[in-house]
Structure formats: C-alpha cells, structure tokens
Amino acid sequence: MRPPAVVVRGDVNADSAPLRPARRPGSQLPPNAGVADPSRGTRVAVGMPLAGAAAAAAWLAHAGWSLGTSLPIALALMGAAAAAERLVFQIGPRSWYTASAPAVVLAALLGGPLLGVAAGISTQVVRSEAVWRRRLAEGGLASLQGIAAGVVGSASWSSGTGATAVAAGAMAAAVAVNSAGRALIMLERRAHPFRETWLRGFLVDVLEMVLLTPLLAVLLLASESDGVLVVATAAALLTALTIAQRSREATAVALAAEQENARRDQLTGAPNRRAFEEAMAAEHARIVRGALPAGLFVVDIDHFKSINDRFGHRVGDEVLIEGVRRLSDGLRPSDVVARWGGEEITVLAPGVRGRRQLEQFAERIRSLVADRPIATTTAAVPITVSVGGTLLDGSVAPLAALHRADEAMYAAKRTRDATAVSLPPLLTLRLESV
C-alpha cells in the first residue's frame, strides 16, 4: 500500500514522511457527514441519459412522433424549464431547490412525453458551472421525469380523468422517478448520511407536488382554449420567482455585511479562522454536489519569531499585513485568503484539479509573498515562506483535508522557502494506476 504523494519544491530537496495510508480501491470511505466519493458517479451519469433515450425510443415505437402543442409554445416551455433550473433557493445547509421539475411536468402534460424529454434535457443546456457527470446525470433524470409525467398524463387525460387527477398523477410519477434517481446517485457516490439526505429530498418533492398540483391543473384546463396564456402565466411565475430570489439574495448580502466584522481578522482585515472554516464547508458542499475540486493551502512565514525579535512586533505585524495583501491582490477574486492564526495564512482556491495545477498554484503563492522584500517603517525585510497544499475533493471532511495541507507545509518547512503538495488518497491511487 503506497502513501499519498508528497512533492517538495525549493532550492533543496527534502524527504517527506507519508501523511496517511492510501485507501484501497473500492473500500468504504469514512462515514463523515456530507462526504461523497468524487471518483464515482460515471455509471449513473452515463446510465441516466441512456435510460431516457431508451424510454423515448420505446415511446416513439409505441405511439409514433406527435407533439400535443404548437412548435413555438413547445420551444417556450423548454425555455421555461431551462430558466427554472437556474432559479436556486437554499433550503438547508446542503439542500437546494429549483422549480425545474414542475416546468418539465407542465411541458410533458401540454406537449406529450417527447416534449417532456426535451424539456428535461434543456434544464442542463446552460449549466456550464457543473461537472459533466452531474449535468449528464441530472439531465437524464429530468428527461425520465418528463417522459414518466407525459405517459401518465396522456393515459389519464385520454380516459376522461379530471385535470386535477391528471396533474397529480403526472407530478407523482415525476416524484417517484426523481426519488429513485436520487437514491441511485447517492448509492453510486456513497454519499453520507444516506437516509436523512434522501428523506429530506423526498419530503421536499412531496410538498412541491401538493402545492403545485392545483396550479398545473388550472394551466392544463386553460391550455385547451389558449396555449399562449399558459406560457405567459408560466413566464410571469418565473419572473416572480426571479424577483423573490434576487430580493432574498439582497437581504442575505445585507445580513452578511453585518456579520462581516465577526469574521474578519482585526490586524490584517482578512477573513479569520471562523470565516475560513465556513468557506471550506461551503466549498466542500459544492464539491460533493458535483463541482470541481479546490486547492487548499497553508502558508507559514519562515523565521517569523526572528523578525519580531530583531525588528519588533510592529514590523512583524506589517510583514503579516503585507503578506496577506500580496496574496489577496495577486490571486483570483474567487480565492479565499485568510489569517488562520499567528504567522499562518490559509488559501482556498476553487477549480484546482490535479497534481500539476496544485503545484503551480502553491508556487504562485510562494512567489507572490517571498520574491520581493517587504518594505516596513523600519527596513526592507526579506522573507521566505513554506507552502503546503492539498486538494479539497469531497473524499474527506474539510478539516481533515486542511490537516493534510498543514502536514505538507511542515514537509516544505524542512528546507524553508519551499512548497509541498499532498494528494488525497483517492487521487493518488488514480494517478499511480495510470
């Protein structure tokens, strides 16, 4: 069993001790809340679209090509489904809600199962921020919801069932498909905790069905006389949701501004330890849901005590302030630079994946801080820093990943003015198997 790779960059090579034993492929992950295996999910990502395509082909073979509404209205309904997917409301620490499912069901009820499939696919067309596995899985699942709702709706409507029962049946079919798909995705990615997370999503789906079935029934009845009115109503509802979302975001921004002082380091003005832990938790949640991994770095100013002893604590404070400023100005706006404590600075860099990018980012951090002496009120102080980095990839809890970066920093500190990266066990195994 091989340990995680530790790579040291600097003027002198340093030996590095293993940080933790590598996990055997296929073995279980530690049961940490909110953790998922980032290396898994390909089977579901490929299987969901294939299942949707197979269901659409089966419907074509059974009923042939048909569209229950005009082409302009069909395109408008697909656009409404895509727009609804972009309206995201946070309902819990790791739970988000979008209104795309009712939009897909409405398209399926008005245009038939094939339009339901097209509307489901359209929900992922403009989502460039998610990784491909998530987009494929959720697009395939939405298309399955669309065809299920369309089949149930078509069968019920043709048998003379009332509009309310038709809408309820279509929503129930969509809820059943979504719940089954969510379970498959969570099992494939070994998400934890399974039962609580799945049940919370199921209850949200059921509540959505109860609240929106009457609205869908009214729109279904209105579509018999005026399809344009239905599209206009859907557009008005999406506009209202957009206004509500932006109002909620504005309120959240105002509240966040009031809480900012509690999350700022008084000396440097950078985020403090509490704020950085919250940023790590939020980024970890995004990664578990399918976002790209992030780089996690610990930066330590070498011989900082000697600077304080030689020049005084005032100069030491100025060195810290300037070091944080150089990183904040030199890195990307999306990167989080925080003072962890003492002379340690932490950096969270979203969208970093793989050994090479991790090493390059660590070296950029080192050069930004240490390539030029820091001008203080007393003297120009030359400094060096040691940088340790790892990937926050969702395979372990955020603080465990930070501990790995901290140990990598101590590996770099053996030579001073160096960088070291420690890959997560999962990624190390994948790279070593190539």
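From the backbone N, Cα and C atoms, a Cβ is placed for every residue, glycine too.
Here the structure is a predicted model, which means the values were calculated and not measured.
Taken from TrEMBL, the feature domain 'GGDEF' covers 292-424.
As annotated by TrEMBL, region 'Disordered' applies to 16-38.
Beyond the transmembrane segment (44-65), the same-chain residues lying 6 or more positions past its ends with a Cβ under 8 Å from any Cβ of the stretch are 113-114, 117, 120-121, 132-134, 136-141, 143-144, 147-148, 151, 181, 184-185, 188-189. The transmembrane segment annotation in TrEMBL covers 44-65 (among others).
Marked as transmembrane segment by TrEMBL: 71-89 (among others). Residues of the same chain lying 6 or more positions beyond the ends of the transmembrane segment (71-89) and with a Cβ under 8 Å from any Cβ of it are 96-100, 102-104, 106-107, 110-111, 115, 118-120, 122-127, 142, 227-228, 230-231, 234-235, 238, 241-242, 245, 248.
Sequence-distant contacts of the transmembrane segment (101-121) (same chain, at least 6 residues past either end, Cβ-Cβ under 8 Å): 52, 55-56, 59-60, 63, 65-69, 73-74, 77-78, 80-81, 83-84, 139-151, 153-154, 157, 166-167, 170-171, 174, 178, 205, 208, 212, 215-216, 219-220, 223, 227, 230, 234. Per TrEMBL, the feature transmembrane segment maps to 101-121 (among others).
Residues of the same chain lying 6 or more positions beyond the ends of the transmembrane segment (163-185) and with a Cβ under 8 Å from any Cβ of it are 41, 44, 47-48, 101-102, 104-105, 108-109, 137, 141, 144-146, 148-153, 156-157, 191, 198, 201-202, 205-206, 208-209, 212-214, 216-218, 220-221. What TrEMBL records for 163-185 (among others) is transmembrane segment.
Distant neighbours of the transmembrane segment (197-221): 91-92, 94-95, 97, 101-102, 105-106, 109-110, 162-164, 166-168, 170-172, 174-175, 178-179, 182-183, 186, 191, 230, 233-234; these residues of the same chain sit at least 6 beyond its ends, with a Cβ under 8 Å from one of its Cβ atoms. According to TrEMBL, the transmembrane segment annotation covers 197-221 (among others).
Sequence annotations record features per position, and here TrEMBL assigns transmembrane segment to 227-244 (among others). Tertiary proximity for the transmembrane segment (227-244) is limited to same-chain residues at least six positions away from its ends with a CB under 8 Å from its CB atoms, namely 69-70, 73, 76-77, 80, 83-84, 87, 99, 103, 106, 110, 219.
When averaged over the domain 'GGDEF' (292-424), pLDDT in the model lands at 93. Assigned with DSSP, the residues of the domain 'GGDEF' (292-424) fall into helix, strand and coil as follows: 57 helix, 37 strand, 39 coil.
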